[in-house]
C-alpha cells in the first residue's frame, strides 16, 4: 500500500524520473517497446504511451510489461484500445506496477482496470493507493476457523452451504441465472450482514453492469446522497474491453477488497462475474506473447494465472474475503480446462441446471450436483446434515425412477415409490424461491429464509405431515408456512370454480 502525499492520477504512481522508450512493433493489444541499454523496466511495470493520432486526437494508453525479449526490448499488453498507436511513439516507464485507489473513497463508485472512475461523479481521492500485484498472505497469517455464511437462499443454505471466508463457484451455461443469483446474494448480504462488497465485472455484458448499478441504487446498497455509506465498490472490465483489461480487472477488484480486509479489518465479499472471462482474456493474450497453446487452445500458464489470483482470496487473522465467482461452463462441459482448474480452488460449488430452468424452478440450482466442504455434521450440526442427506436421497431416488415413469407411468410404481416421488416433487418445488432482484420480472415479493426455517420446512415435507397438500403450493414461496397458506388459497379457489 502506498500513501501518496499529493493527489495524482489514479492509474499509476507519480513519475520520479522519466525512463523513455519507443514502440517498435504493434500486434493488436500487444506492444514491443525498445529502451536504452541498462534502462529496462521490470516485469509488471506500467508503461504509458502518450501522443496524438493522425487526426490530432490525444492518445493516453497504459500497458503492462509481460516479457523481457532481449536486444533491450520488452513486450507489453495494453489496458485500453491500441487504435491510433504507431511505431516510433514515445513510451514512459512509470517505474512501478499499476496502482489503484483503495479504502472508503471507492465505495459507491465504478472504476475501470486502472482505478479511474467511469461513473461521471467526479474524481476519487487517490492519496491511498495499492499495487495490483502482490503476494498471497503468508501461511502463518491465515485464519482456519470454520463457520457458515447464511445467504437466505434455501437451496444454498441447506444443501451446499457457503463458508465464511471461503471461495464459492456458480457454475452454469449461458442464460441459466448466474448473474441474477449474484445480484440476489449482494442484496441479501448487504441487508442481512451489513458487509462491504467489491464487485468485479470481468468480461461480461455492459448492459448487465449498468442494470446492476441501477438495481443497487434502488435497493439502497449504493447511497447516492452519501456515497461513503454505500456497501459496494464496482470494478468493470466488460466484453468490449481489450483482453489486457479483462485479464487484470479481477486483480484491481481483489486489491480493493484486500485493503478492506487487511487495513480496515472487515469481512468482505468479493464477487467475480465471470472468472471464465479472466481465463479467456489470458488465452487471447497468450498466443500474441508467443506461448504455445495447451489443451483445448488454452494458455499453458492457466493453472499459474488462476492460482496467483485465487491464493490472494483468503481469510487472515485481520479479516476475511468470502469470494463468490460465476463460472461460465463452455457448452455445459464441466471437464473443460477452465472450469476444471477453477474447481480445485473452491470450498463450495453451486451448479445451475438448464433442466430446472426449463421447468421454471428458480433459482435453478441443481441440488444433487452442488457440493460444499462445509456439509459435515461437526460443522453444521446433526439436524442440518441429516435433513440435507435425506433431501438428497429422496431427489436421487426420484431421478432413478424417472425412466420407469416415462415408459410405464406412475401407476406401475410401488406404493412406497409413489410416496417418494410425490415428496420429491414437493421438495423440488420448495427449493424454488422468489428473489428480491427478480420482483420486476415475477411480480412476487422477494423472500429471505433463515437457516432454521429452511430446515424446519424440509423436515415437515420429509416427515409426511404435508403429504395431503398439492405440489403447486410449494412453488415460489419463502418458508413452509407460506406453502400451507398457499395450499388453503388454492383449495378455496378450486371450490369456487366448482
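Glycine is no exception: its Cβ is also placed from the backbone N, Cα and C atoms.
Owing to the predicted nature of the structure, the values given are computational and were not obtained by experimental measurement.
Swiss-Prot has this to say about the protein:
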type    : residues                               : note
BINDING : 172, 173, 174, 175, 176, 177, 178, 179 : ATP binding site
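Here the features listed in Swiss-Prot are placed on the structure.
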{"residue": "172", "record": "ATP binding site", "contacts (Cβ under 8 Å, 6+ apart)": "178, 326, 327, 328, 329, 351, 352, 353, 354, 364"}
{"residue": "173", "record": "ATP binding site", "contacts (Cβ under 8 Å, 6+ apart)": "328, 329, 331, 332, 352, 354"}
{"residue": "174", "record": "ATP binding site", "contacts (Cβ under 8 Å, 6+ apart)": "328"}
{"residue": "175", "record": "ATP binding site", "contacts (Cβ under 8 Å, 6+ apart)": "357"}
{"residue": "176", "record": "ATP binding site", "contacts (Cβ under 8 Å, 6+ apart)": "352, 353, 354, 357, 364"}
{"residue": "177", "record": "ATP binding site", "contacts (Cβ under 8 Å, 6+ apart)": "352, 357, 362, 363, 364"}
{"residue": "179", "record": "ATP binding site", "contacts (Cβ under 8 Å, 6+ apart)": "204, 208, 212, 273, 326"}
Exercise for review: Determine the Cβ neighbour count for residue 178 (ATP binding site): the number of other Cβ atoms within 10 Å of its Cβ.
Suggested key: 25
Practice item. List, in sequence order, the residues of the same chain other than 172, 173, 174, 175, 176, 177, 178, 179 whose Cβ lies within 8 Å of the centroid of the Cβ atoms of the recorded ATP site. Key: 328, 352, 357
Check your understanding: Helix, strand or coil: which one is residue 172 (ATP binding site) in, per DSSP?
Key -> strand
Study note, to complete from the structure: Under a three-state DSSP reduction, the secondary structure at residue 177 (ATP binding site) is coil
